[in-house]
Each structure stands twice: as C-alpha cells, then as structure tokens.
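*Asks:* These came from TrEMBL, pasted as-is:
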TRANSMEM  B:93-116  transmembrane segment
TRANSMEM  B:122-140  transmembrane segment
TRANSMEM  B:224-248  transmembrane segment
TRANSMEM  B:254-272  transmembrane segment
TRANSMEM  B:279-302  transmembrane segment
TRANSMEM  B:308-327  transmembrane segment
TRANSMEM  B:352-372  transmembrane segment
TRANSMEM  B:398-416  transmembrane segment
TRANSMEM  B:452-472  transmembrane segment
TRANSMEM  B:528-549  transmembrane segment
TRANSMEM  B:570-594  transmembrane segment
TRANSMEM  B:643-660  transmembrane segment
C-alpha cells in the first residue's frame, strides 16, 4: 500500500508521541452514534455506548458486539452506569457540550463536531476518523478506512456512468402528507455531490434537513429521483398507493422512486458509505423493474 | 356559501352577523389569493399544466375545504362540551381530548405501528375517550363541577404531554412525524380528510339538533333538569360522546388544532348568540372562518413550498391573544359559580413541629436516594468506595430536584395568595410555558448553549407571562374562572410558539424537547449550586412578606383598607414568583405539577397562615421532587424516565383525588 504525504505525517506523529501508541489497549466509551460506528469500523469495540437497540434498527451496520454496555437513551445518558464501566477515555460530540463536565469526572473526554451550522459534515467525518485513529494508535487503520471510502466512491461513480443525469431528492416521509428533505449541507447531500449527482432540493436547509414540507412540494421537482429514507410511516405506503396526486407525479409515473434501507442521517463515514452503496444498488434495480 | 344561510337563520344578532359575514368574505378572498400566488411549476409546459390541475384539485382545494370542515367540527365540539358541562372553558384541548388522542397516536406510532396502519382515527378516538372517561370519572362525585373538570383535564393533558415527550425521546427516529402531528398541519394531497370529516360533521350536527331540547334543559342546574323528567346522565354522555368523536376525528386527520373549539363558542356568545340553538349554529361557522383565515395566512406568509408555521400552532397564536382580549367581555350568564376546592378540615396546632417532621421526611428521602439504586447486577446499596464514586452523579441531581421542588412550592404559594385563586400555579397560569418561550427565543438568539443565558431566558419568559396575567387579573377583577381561562389561553399560546420551534426538528428542537421532558440527568455541580443559591436567595426573603401573604387573598378592598401598597406588593411577589419558576423549570422542566400541588397539600394538611403554608409547601415540594427523581432513575434502568413525568404522575392523581373527595368534607 502506498502512503500519501498526509498518511506519512500521521504515522510519523503516531510514532513520535508515546501516548497514542500505548493507547491501543484503552477502554473506550462513547455517547455518540457517529463515533460508535467509526470505532466499530476501525475494529475497536467500546466498553459502552448509547441506545444500542435503536442503533441496530436505524444505523443497521456495523454490528455491535454483545459485550458493549447499553448506556440508555442518547438524550439521557446513564452516567452512573458509564462510571461503573470504568472507561479510560470517552468520545463525545457537540450534542453533549452541557454534559461534558459530568463525563470528565469519569474519564478524559474528547469531543467532535460533525454536524455544526455551516460546516460540511463529510470532511468533518474524515477528520474525526483520523483523530480517533491517532488517539487510539490506529492511525494506519484509520487512513486505510478513509482510503477505502474514497476507493468505494470512485467505484460507485464508475457504476453511475450510465445514470440518466437526473437530480436526486433525498426525503424522509413524516406521515402520508409531509416529508423532511435533506439539503446540500446534509451528509446525504454531500454524498450525492461526491457521486456527481445533483440534489434536486436547492432551497436552504438548516442543520441538514428541513421539515415539515408538504408532499405537494414534490410537484416542483418532476424530473428528480425521489429517494425515500426510512422510517416510512406504516400507513404512508397504503395511502400513497391510492393517492391521485402521488400517482400523477411524473417521477412516480416513470418509476423514479427509490426506497432504501435504514440509514442514520447523522452518521459518519460508515453511514455515508452505506447511503452511497444502497443508492447505487437501488439505481441498478430501478433499471430492471418498475417502481412506484 | 353555507355560512351565509346559517347566519341568516340566527336573526337575533344582525350587526355581529354582518361582521362575521365580512370575515367569511375575507377568508374566501385569502383562500383565492393562496391559489393565485403560488409560484409556477418549473419544467415542460405540457407536463406542468396537467400537474397544476392536479395540484389545484388534489391539494389546494381539498386543503381549503378541510380547513372549513375541521374548524366547523371543532367549533361544534366545543359548543357541545361547553353546553353539556355548563362550562364556558370546556373544549377538546382543556378536557384533554386532544392530548389523550395525541398520546395514543404517539404510543401506537412508536410501539404498535400496525394499529396506525389499521386506523389512525380509531387510535385517536380510543385515546380521546380514555382521557374524557378518566376526567369525568374523577369529577363525577363533584357533579361535573366545571373547575374540577377543567383542572382534571389539565392534569391529564400535562401527564399525556410528558408521556408523549418521553416516548418521542425514546424513539428518536419517529420524532418528525410526531412533531408535525402535534403541531397540526393542514397540507392535503387528496380528498381523504374531507371524506372523513364531512359525514361525521353532518352526523354530529344532526345529533346536536336532535339533542337541542335536552341541551337547553342541561343549561339549568341538575335539580331543575331532573324535575323536568330528563334522563340527565344519559343525554349528557351521548352529547359528550358526539363531541369527543368530532374532536378525535379532526385530531386523527390533521393533528392538534388548538383553540378553535374554545374560541368559537365564546366568540359566538360575544356576537350575541344566547340560546343553545343559536350557539350551536354560530360556533361551527365561526370555527370554520377562524381556521380558514389562519390556514390561508400561514400559506401566504410561507415560502411558497413550505408554510410559515404549522396551522395548529398559528391558530393558538392568533386565538390566544384574541381570547385574552375578549375575556373581560365574556358574560358568564346563567351559570352557577363553580365550587372551589375544599379548605382545610382542621388546622395544625403546632405548625413548626409539623414542619420539622416534614423536613425529617425529606432528609430520609435524600438518604434513600443517595444510597439505594440499581446497577448492572441488580439492586445495590451504595456504601464506602462505591458511594463516593456515585456521589458526584447522584448528589447534584438530588439537590437540583429538591431545590426545584422547593422553589415551585414557594412559587405556587405566592401565586395562589397573590391572585386569591386556589387553582393558580406556575403551570396553570402558563408561567412555566412562558419560560419555555423564553428558552426558545434564547436558543435562536444565542449560538452557544450557555446555561446562564438559558436560565435568564426562562426567567424573563416566566416574568413576562406572570405580569400579563397579573395585569389582566387586576384590570378586570377576574374571578377564579376567568383567570383560569386566561391562564389556559396563555399556556396554549406559549406551547404553540414552542411547537413551532419543535417542528423544525433540529438541534434546538432537541434541546427544547429534553427540557420539556424535565430530565435531571444532565444536572451537574454548577446546576446544583445554581439551584441551592437561587432557592436560598429567593425563598428566604419571602418569609418577611408574611403580612402581604395573609392580607392579599382577602381581595383588593380589604388589602387597601389595611394600608397595603397594592401595586408594589403585587409586583414584588410576582417578580419573586417568576424568578422561582424560571430557575425551577430550568432544572426540571415545565411539566411537573408541583407548583400547584405542594401549596394545596400544605393547606390541606392544615398549614393555614401564609408563612406556615409557604414553609410547608417548600418542604413538600422538595421532598416530592426528590422522590420523583429517585423513581425516574430506577424505574426503567438503565434507561431513565424524565423526572418531570414522574412528578406529574405522583402529584396529578393525588390532586384529582383530593378534589373529587372534596364535596364530602367541605
């Protein structure tokens, strides 16, 4: 494997500083899902993380080993339990700024901000992956994962060469009448631009998404591929199937509706890769059988 | 237009009818403006032309019709409830129908989606009926006394709101749909809502007309009605069932639309409607006009693709101030004055000794909360090293919960003495919700989540609401009923502002939601010390005001004749009340009922004098919150239940029980 200049620097850094090298055996805990999936992707099993039942349903991958202690809801982390799992290091995120003093009582805290106002999340996720790798003495694994991500995107771009050039509108149905839409500043939006696809939603969004938007707004993007991100409300499919409006949409009539598997909209690189992979796979299927 | 013909059939109010006809015309013009000002669709004209037609006939027109029908259904529902319960402040939201339906839908969406797929309406109806059933069951023994009914409704609503927030937090990914639903949005892409609403409205209206004669009799008091040979309870229950059905259908189809059910009959009475027949005819028309106007406004003021705010939030924004302005003009005719909750059966002979017992109980609770808990291996009593390990986590939250409870107890006592209204409290008067608006505004203005700014925002919001309520009370000499109505209006107004922020579904919404659920989990040393200092600084001086506390409830006349500077004393106490509420709700959220309950319990235990009631309420409030905090920590370990929810679950039923047994005691 050829090393880039940046990777060399990272490696040099890892060797020069003794602390991260020893850190490989650290007991790591995290309260943030984006960190959790990054850790697992780098082969690190944390001692504790939050809301694991929901993580399995929403983020789906990577799988969480049974040894990880569930710290309860992301909104109300069980600090007593976190204390009892005796971590050496806690990874946190900008959602938990107000809880950081509490976590510092337990172990040193390192915090990341992937989702902040006016900041593109993809590059921030790359930086976070790199920092975690360096902190845990896994700089090489981190660089390898980042390179793999780039390679996967390159491969997917290649597969999209035959794509019709239409824009994509990533939405999440809230109920049969409303959706939230993911704009250019969302992880989905960033993945689209890395796949050389246009986002059909050009209005501004804040903190990644805009909600609630009435379903009738879809009439403004008749050419776009409608990409539905789960969860889909239980009665939505049934109601849409017999909706005159829905069935009159040019996208729906032409079968330009894709249903993807569940993806965490506020994830890191693993979630970005999952979205890209599922999207390109769905495009592949859409060519063979009609949808809508 | 159907509105005209209906208005024409009520000749008793020509001038007001003319005004409403004008408003109906305005509603029609605005609806037309919405259709005409939509930005044109992009793309190939051949495709867009067909699409424009679909958009017009499957989205815009059904939406306009849905607004009219839903408004009419809510107006009718409110009119029926107000008539049958002889209660001018009864409506689908004050009776907890909307909250009950919302909670049922929230739980079904999160845990049993099959039910939603089966029938949204059935789920909503079940929730609405359950709420009303509980409320009527509880107030039955007090003869469905209006105040008891509305108070029970509010308690049920608060518990349901806290439960809903808990479920949403537990099921993060469903947040979006629940928010939209909670805020009540009228976007349509089919005639489904119209098809669902129209026949139900027609049936409800027919049933209402059939029940007109019994309804007129229900306006009399029970004894006279019974002597006329009416099967009183049967007729009542039938009318209530129709009203709940209408409200639950609207809730299932478009979500919570606040205020229309409360405002429409009130406005009908102001317009001159006197008889049940006139009110039943006018209220649906007025409801339809209000909702249509509001819905057109949010569309016209929006971006063309998205509305300015959810319509349900906007009705409360428009309806709240309207109702506050109209309140002094509401005539509460031919209604027996509602009975107040029972006074203490006896006085405590040695208040200080009793207070020491209460303090001892609080200390005992602290010891239990500090040591007893659950760990990975089950129940544990923390001692030695484990104890000192866990102390930094358990200590601050216990202190914060206790201090918040104490402050709410004090704030409630102040407000009840200040307004001479035994039902006043931070939650009832909308003061806590005002704190939420302050928090929401702060979140938008300040980019960094600095706790100090958040406290200030909550305190300022609380103070603003409390001052408005006091001004209203002072200007018109509000009786308890009107102040309660104003408080509910204010609370709904504030909650509407909050749900607009929640509907954005971003980080700020998340902060607000965590605050609303009232979790002490994030409390650290800083917050705990904030609580201790605030409690000490704000509660201690209150005992110097003992004379004011004793005199003010006697009313303005007696207070002035006893040489009390009325404005100064009121303003001072109000400021203290607002600051206490602000700090407390910063720590434990707005939903606990402690501020209402603690002073009651103090009074019912026999602490009658101002000073004694204050001391006892502080102790009872603190102890209850410590208990609630402990329960919230252990109930669903390792998942934590918000403490505000537990406080409401402990306090709410107890208060209702006290109210419902009151008639036998006093």
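Including glycine, each Cβ sits where the backbone N, Cα and C put it.
TrEMBL labels come from automatic prediction, so no person has curated them.
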*Asks:* Are the transmembrane segment (B:254-272) and the transmembrane segment (B:122-140) near each other by the rule of at least 3 C-beta pairs under 8 angstroms (pairs 6 or more apart)?
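*Replies:* In this chain the transmembrane segment (B:122-140) does not contact the transmembrane segment (B:254-272) - fewer than 3 Cβ pairs sit under 8 Å.
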*Asks:* Counting CB pairs under 8 Å, which listed stretch among B:93-116, B:279-302, B:308-327, B:352-372, B:570-594 touches the transmembrane segment (B:254-272) the most?
*Replies:* B:308-327
*Asks:* Among B:279-302, B:398-416, B:452-472, B:528-549, which stretch has the most Cβ pairs under 8 Å to the transmembrane segment (B:570-594)?
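*Replies:* It is B:398-416 that shares the most Cβ pairs under 8 Å with the transmembrane segment (B:570-594).
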*Asks:* Using a Cβ cut-off of under 8 Å, list the residues of the same chain at least 6 residues beyond the transmembrane segment (B:93-116) that approach it.
*Replies:* 81, 122-132, 134-135, 149-150, 152-154, 156-157, 160-161, 163-164, 167-168, 170-171, 174, 177-178, 181-182, 244, 247-248, 251-252, 255-256, 258-259, 261-262, 488, 492
*Asks:* Taking the transmembrane segment (B:398-416) as the first stretch and the transmembrane segment (B:279-302) as the second, find out whether 3 or more Cβ pairs fall under 8 Å, excluding pairs closer than 6 in sequence.
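*Replies:* Between the transmembrane segment (B:398-416) and the transmembrane segment (B:279-302), contact is absent.
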*Asks:* Near the transmembrane segment (B:352-372), which same-chain residues lie under 8 Å Cβ to Cβ, leaving out any that are not at least 6 residues past its ends?
*Replies:* 379-383, 387, 391, 394-395, 398, 402, 605-607, 612, 615-616, 619-620, 622-623, 626-627, 629-630, 633-634
